[in-house]
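**Student:** Handing you this structure, nothing more for now.
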């Protein structure tokens, strides 16, 4: 099907022709035939790199140029940024694009001036909770990676959000983009959508198992030269010799870092002089962005043409790795499943070096087929590679047979709603009542019966869980005590602040029960909520943290009995996370924190993001309920954002000054932005360097605000910086 033949405005067709897209892929053509451009709901369950995003673009542009507005929902911030960059190319068509992923207690009415809004599912949910007016103008909703409705962490929010959007705008077109799953037909029926299912790919995908020096596919086999003792290194070298690139998936951060180091010396021998120069530049940028041991190791790997990628790296470091790989300079990335989660980063060959992953409940377990398919889908760059290869590495003949039967020849699992538990449902029950989607019990049940959970389970057990949620919300004062579903001011604020009602209840009880409110008291209160992401306890942590608890017992609202092993161990994890935050706000270096707590720089920022948000909630709840702690929590919120002591906050409002530079200025006697404005710039240049000093004084003495500086952009207070189960690896 030719682009020129589509029922689209001429300027849209010309845009794609100018981009070199003349013809649709077969699955795209099928989608058009099934009503994509006629406003029909559609579920596309097709492989990675088969053109799902183009389907979304065509539907959005058709609707927008007819006066509509589009909402593009993604599961991850990184994916939101990637789509935002792509959609900004539509500016030549007069299309305005906005993005929003944080600040969950804002209505963001300003976003409504845009034609395409890119947002995470959590942000979309918060916009609905805050009754954002422009949401009623949405004519097309795109749900990217909709198979993640199966995720215990993020699936319920995506599911309820889609149900609310369909209820609010019954005529709105829903376009759901999914990996190939076992029950796509069931998902399509729930969405009242046409279904496009296909295994077609623009580049051939060869899936197989590597064993004893040979890559075995279904209908062919290929011998690989054994240049080293590591089979995955040999597979990578084989690809590099043919001008390809490799993604290697590992089961843990430790393993992916170790493999990048192991492969470095071999990969380095394949680099051209031009590659080496470019890689040296990337390595220098890595070191400019971070001074931790991990970033130093990453820079060493990058100079040799390899890299590692996991959620322990900060976003700037991950982006430098991704950009270096896209540019063809980095030849091999060793990654945890972060790169399988929707980002557009394909390679000639994908190597799954370990098909098992650790679970705290069950130990090492095989990954789902769906996750394998997501990894395998990264193989083969459209228009660049003649083919793609997805390779599982077997260590024995028994494992070889297992991998072939359970992955290569297997179909992806069915996806199942995870909404049917009190933990998943209580926040959505409160929000549904608070923003008027349901005013009576019958209306609440009618709404919930429109969810995927009710569709799959025929309402089995739903009323029982709903009643448990309602009893909890009434007991905690978030709903009025009578049978009518009327939210209290407490309940409305909890819903608007986008916090789990259980977290809000714990915060309120903690503030009431605390004898005093030290930094540790408030930090631990935040870390005791279910919204918080906790650090793992290592075997040698227990004694140290237990000793700390004994020495500071009076600063905790409640210390559980050590004889209740499960509860006490969880409590120690809360304390460990609190101590990380305590070091953070007292300006310990990131490298020192990483080494002390056995974590990554990216984890520090992720934990601080979540803690900042919950501390913001704590301040707001204390103010509403007239409890002590509102002022203290508000100050700690700022300190967590910057990772600094209170005396540095004024300096940290200047863009370009971080916690380290602010401390240098303060110790040199420049203790506020007002004092800094009166200083000879040469003195600051001697302290921070001429470039930084120039930027600072342009703000202070140039386009300043009424206070004399340009304040940094407000923090994105988001409890969802990463995706659990995948991005936390």
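Heads up, the Cβ atoms here are built off N, Cα and C, so glycines get one too.
Not my notes, these are from Swiss-Prot:
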BINDING   28, 46, 47, 48, 49, 50, 51, 52, 53  ATP binding site
DOMAIN    33-199  domain 'Helicase ATP-binding'
MOTIF     144-147  motif 'DEAH box'
DOMAIN    232-426  domain 'Helicase C-terminal'
REGION    706-729  region 'Disordered'
COMPBIAS  720-729  compositional bias 'Polar residues'
**Student:** Please indicate, using numbers and ranges, the residues of the same chain that are 6 or more beyond the motif 'DEAH box' (144-147) and have a C-beta under 8 Å from a C-beta there.
**Tutor:** 43, 45, 52, 56, 72-75, 79, 83, 158, 176-179, 181, 187, 341-342, 370, 415
**Student:** Please classify the secondary structure at residue 51 (ATP binding site) using three-state DSSP.
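**Tutor:** In the DSSP reduction, residue 51 (ATP binding site) maps to coil.
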**Student:** Report the residues of the chain - excluding 28, 46, 47, 48, 49, 50, 51, 52, 53 - with C-beta within 8 Å of the mean position of the site's C-beta atoms, for the recorded ATP site, in sequence order.
**Tutor:** 25, 27, 44, 54, 55, 201
**Student:** Considering the binding-site residues 28, 53, which residue's Cβ sits among the greatest number of other Cβ atoms within 10 Å?
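**Tutor:** Neighbour-count leader: 28.
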**Student:** Among 47, 49, 51, all listed as binding-site residues, which has the most CB atoms within 10 Å of its CB?
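**Tutor:** That would be 51, with the most Cβ atoms nearby.
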**Student:** In the predicted model, what is the mean pLDDT computed over the domain 'Helicase ATP-binding' (33-199)?
**Tutor:** 93
**Student:** Could you tell me how many residues in the motif 'DEAH box' (144-147) are helical, how many are strand and how many are coil under DSSP?
**Tutor:** 2 helix, 0 strand, 2 coil
**Student:** Among 28, 46, 47, 48, 49, 50, 51, 52, 53, the annotated ATP contacts, find the widest CA pair distance and round it to a whole Å.
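**Tutor:** Max span of the ATP binding residues, Cα based, is 13 Å.
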